[in-house]
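**Q** For reference, the structure I am asking about is given below.
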Amino acid sequence: MELLEEDLTCPICCSLFDDPRVLPCSHNFCKKCLEGILEGSVRNSLWRPAPFKCPTCRKETSATGINSLQVNYSLKGIVEKYNKIKISPKMPVCKGHLGQPLNIFCLTDMQLICGICATRGEHTKHVFCSIEDAYAQERDAFESLFQSFETWRRGDALSRLDTLETSKRKSLQLLTKDSDKVKEFFEKLQHTLDQKKNEILSDFETMKLAVMQAYDPEINKLNTILQEQRMAFNIAEAFKDVSEPIVFLQQMQEFREKIKVIKETPLPPSNLPASPLMKNFDTSQWEDIKLVDVDKLSLPQDTGTFISKIPWSFYKLFLLILLLGLVIVFGPTMFLEWSLFDDLATWKGCLSNFSSYLTKTADFIEQSVFYWEQVTDGFFIFNERFKNFTLVVLNNVAEFVCKYKLL
């Protein structure tokens, strides 16, 4: 075809001949191309028109007008036939028999075949018909098949896709919300619980991953089915208006096969089970757990109250020890002074000093008792508040560990 096109091309405009005219030298050119050359020759000549020369061989021709040149009807007809052949679709060939055109339609297998397939191949005993009859029959079949496929399970697939995406979104929202609760709860605990907090948050992330692993494959399957369905629609839209029988039958075969594959693909379920933890998670269930037993618990156990109380007798004993300590500190000094002096004046001085010591000691003890009472009162208040706060934290953490079997 390329070599033929070279012979049908005008040397001047390099396009297919348009109204070809033959010169006396037998060279062919388009009429418009010759008119352009002749017009330029006349314009450049001031006195008389110069002789017209062939653009190929430069042989002179009398410039009596282009219309006087003979039309090459043979070349013009060849160009017209070439244009028709170039525009018409190329005849498809058989894949099994090289170079054989697909010019027969097998009604048994509903596909295009060649003559060898019909006489010596696997279609020997099948029923055949002409391309025109097959085109008319398949054209009617296409309309009904297209209408039935247009609404085939598309609504069901879209509904299931929406259900799965909604379920996935809600599940992830629940897990995210629960994860935030755990983060807020563990932020109030001591640093010794950080490792346990990270383990629990890791469990939530694992559950998120499990949800995504459960939902994503099904969602991807539905997206693939819908994408295949859209591709089938695009194929149908592309060739439903095709009037060429061969091209239509070939496209119809591909369309039927794609529809068959789509219909045979099962739709995944839309009611995947959710984890019970996503529905029943509540941090209030941690309130009865003991923090002291966090590292020991693996199953829920009876909850109780952690009691830490300092008896009042301890404070009485502390005061007695303090008084005895004062006597021990000041007693040896007074005893030494008594043993060193024998006269009465010395004893009187010692007694006077002892009396002074007793007075100072009594004042000191009185002030010590007063400040100690203030300290113990403040300590009792702080102890009660700290005890209540500690009990709440201990019970909550122990309940959480028992419930979720973290150990």
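Cβ coordinates come from backbone N, Cα and C, glycine included.
Swiss-Prot lists these features:
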- Cys94, His97, Cys117, His123: Zn(2+) binding site (BINDING)
- 172-200: coiled coil (COILED)
- 317-337: transmembrane segment (TRANSMEM)
- 10-58: zinc finger (ZN_FING)
- 89-131: zinc finger (ZN_FING)
**Q** Using the recorded Zn(2+) site (Cys94, His97, Cys117, His123) as reference, state which further residues of the same chain have their Cβ within 8 Å of the centre of those residues' Cβ atoms, listed in sequence order.
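**A** For the Zn(2+) site the neighbour list reads Gly96, Gln100, Leu102, Ile113, Cys114, Gly115, Ile116, Ala118, Gly121.
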**Q** For the zinc finger (89-131), what are the DSSP-based totals of helix, strand and coil residues?
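**A** Tallying H, G and I as helix, E and B as strand, the rest coil: 6 helix, 10 strand, 27 coil.
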**Q** Cys94, Cys117: which of these binding-site residues has the sparsest Cβ neighbourhood within 10 Å?
**A** Cys94
**Q** Same-chain residues six or more away whose CB lies under 8 A from the CB of His123 (Zn(2+) binding site)?
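**A** Looking at Cβ-Cβ distances below 8 Å from His123 (Zn(2+) binding site), excluding near sequence neighbours, one finds Cys106, Thr108, Asp109, Ile113, Cys117.
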**Q** Mean pLDDT over the coiled coil (172-200): what is the value?
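**A** The average pLDDT of the model in the coiled coil (172-200) works out to 79.
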**Q** Just jot down the residues in the same chain as His97 (Zn(2+) binding site), at least 6 apart in sequence, with C-beta under 8 A of its C-beta; none if empty.
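**A** Listed in sequence order, they are Cys114, Ile116, Cys117, Gly121.
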